[in-house]
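Student: Supplied in C-alpha cells, the structure appears directly below.
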Amino acid sequence: MPTWGARPASPDRFAVSAEAENKVREQQPHVERIFSVGVSVLPKDCPDNPHIWLQLEGPKENASRAKEYLKGLCSPELQDEIHYPPKLHCIFLGAQGFFLDCLAWSTSAHLVPRAPGSLMISGLTEAFVMAQSRVEELAERLSWDFTPGPSSGASQCTGVLRDFSALLQSPGDAHREALLQLPLAVQEELLSLVQEASSGQGPGALASWEGRSSALLGAQCQGVRAPPSDGRESLDTGSMGPGDCRGARGDTYAVEKEGGKQGGPREMDWGWKELPGEEAWEREVALRPQSVGGGARESAPLKGKALGKEEIALGGGGFCVHREPPGAHGSCHRAAQSRGASLLQRLHNGNASPPRVPSPPPAPEPPWHCGDRGDCGDRGDVGDRGDKQQGMARGRGPQWKRGARGGNLVTGTQRFKEALQDPFTLCLANVPGQPDLRHIVIDGSNVAMVHGLQHYFSSRGIAIAVQYFWDRGHRDITVFVPQWRFSKDAKVRESHFLQKLYSLSLLSLTPSRVMDGKRISSYDDRFMVKLAEETDGIIVSNDQFRDLAEESEKWMAIIRERLLPFTFVGNLFMVPDDPLGRNGPTLDEFLKKPARTQGSSKAQHPSRGFAEHGKQQQGREEEKGSGGIRKTRETERLRRQLLEVFWGQDHKVDFILQREPYCRDINQLSEALLSLNF
C-alpha cells in the first residue's frame, strides 16, 4: 500500500449511497490527485446493501477534506449553477485546471465549469457557500482599482506579477495570456488561494502537471535574492558556474532524488513539514535545467546561512541539497510562516517520498518587487544595508537578499501577520467592576475588520477591545457578531477568541441561515442600537449608522451622542479622550452612567452638554415659531451643502447642525461654522 501525503494516518472509513458508486470511481483519480489521499471502494458484504464503504488513507487534514468532498459528491445538499463575469472563465480552464483544483481543495466543493460565465457547484451546504463566496470575491476584485497585468516596456514588475506569471509557464496553455491580463487584485486572490492549499498538504494536483515544476522553481529562483558573489557566504558555489535559474522564463527542470526507493505515488506537498529527527537527513535533489527558450544563462545562488547547513551545488545543470533536521534550525520553521517569493516547498519525481526543501511559502501580497531578470551574478552590488538587515532578522529565520534594482515593498497583509506573531492572551480578572459605568455594545464585525486591515476578520481585535473595557472597570459588555462567522471561514483569524468570549456570555450571535445556497443574515446594526437604547449604553463602532438614524428620534440621539469611535495601532486599541469633540465631555464622563436627577432633563442626558455648549440664542424664538425643529431630510440636505464648502470638516458641520436644530438658512449655518474656535 503506498504512503499518501506527508504523514500516514489511520484509514478513515465511511459509508455513502451505493447509487453513487459510479460517481466515486469516476472521480477517484481526481480526488487522489487533489487531496493526496488514497481512495478505496471496499467490497460489499451484501449485494443488496444500499450503501458502500469508502476508505481514505492519508494525512488527517487531507482525508477530512476529501471526505467532505466525496460526501457532497454522493449526496449533495446544495447544487446550483452560479454566474460570474466571463472574463474570469480563464481561471477555471487555464493553467491546466490548477486554480480549479486549489479551489476544490480550499472549499471541498465539486466544481464543473460550463459555458463562459457559468460554473456548476455542488456539495455539502458549507462547502457550497464557501465556493460561492470565493467566486463572488474574485468577481468583486475585477472592479478594484488595481493596475492590470504586465505591459510592454515595463522595467519592473511587482512580486504578485512575478509569482503569478511563474505559475503559468506550462507550454500550450491557451488561457495563459488571459490569466496574465487579469487585474492584480484577482491575481493576488488566486495566489492567496494557492497559499491556502500550500499551507495544508495539497493540492496533490501539482504532481500531475509536469510543466508546472519548472514554473514554480522559476518562481523560487526569482524569489531568492542573490548575495554578493565574493564567495564569502555561498555554499559550495564554486561548482555553480553559469547555472541556470530561469524557470520563470521557460526553462524546464527534471527533478530527481538519488538513492531513493523505487515506486510510490506521485506527490508534491507544498506545506513545510518537520520530519522526525531520527530520520536520515542526508538527501540529494538533482535539478537539471533543460532550456526550451534558449538565451543567456543566469545564476542565482541561494544564501548559505539562510538554509542552515544545506549544501547547494549547481554545476553542469546539477543542484544538490544536503540538509539537517529542522530541529537544528527552529527559527527556519517560524520564518516559513511568512510569505516569500517561492511557491514550491518540495519537489519529487514520483519514485520516492519527496525531500523537504525549505523555501519561503507564499502570502497574499509578496513583500518584494521583482527587478529585471538579469544575470544573477551581477547582483553582487547589494550594499551593506542589505547585509545589516539580514543580520538583524536572522534570528527569525532565513532571509533573502533582494536584487539591487528591486524594491523592498512591505504589504498590509505582511504587517498583519507580523502582528499576529506577538503573543496575546485574553485575561479578564475576576474582580468587581465599577457600577457607575455604562453598558458597552461592541460592533464585532467592524472591530475585527479594522484590526484585520479590512482583509481578515481578526478575532484578536475583538478580544483586545473587550480586554480594554474590562480593565477600565466595565462588566456589562456585549459583542455582536454574525452567527455565520462561527462556521468555517478562510477570512477568520484566531477564532478561539470568539469561542472564549461566547463561553463567558460576552459575545452574542446575530441570527443567520442559508437558503437556496444564499446566506441570509439579520442586520446586526439594529441589534446594537436597540440594546444601546434599552441599556442606555455606548456603541463602539466606526460605522455612522446613517440608515438607522432616520427611523426614530431616540435612535438619532443615540447615534449622535453615544457612538464611540476607535482605532488600532498594531495590537493597541485606542479610543479618543474627547469622543464628542474638544469641547465635549471627557472619555471618563462619556462612559459613566448619567445621574438620574428627578425633573432634570439635562441630567438624564449629560452628553447634551456638548450640544448646548456655546449656543447662540439670537433668533431662536423666531425660528421656533416659523418652522420648528428641522426634519431629518432637511438636516441631511443642509449637511451635504455645507460639506461641499467645508470639505473634510464633518465634525464641525455635525456640531453646528446639532447645536442649531431650528436653523434652515445655509448662510447662518456657514457663519456659525466660521466662528468656531476648534
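Including glycine, each Cβ sits where the backbone N, Cα and C put it.
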Student: Quickly, which of Ser170, Ser359 does Swiss-Prot have down as phosphoserine? Just give the residue.
Tutor: Ser359
Student: Write down the residue from Ser10, Ser75 that Swiss-Prot flags as phosphoserine.
Tutor: Ser10
Student: Under 8 Å between C-beta atoms and at least six apart in sequence, can you list the same-chain neighbours of Ser10 (phosphoserine), or say none if there are none?
Tutor: none
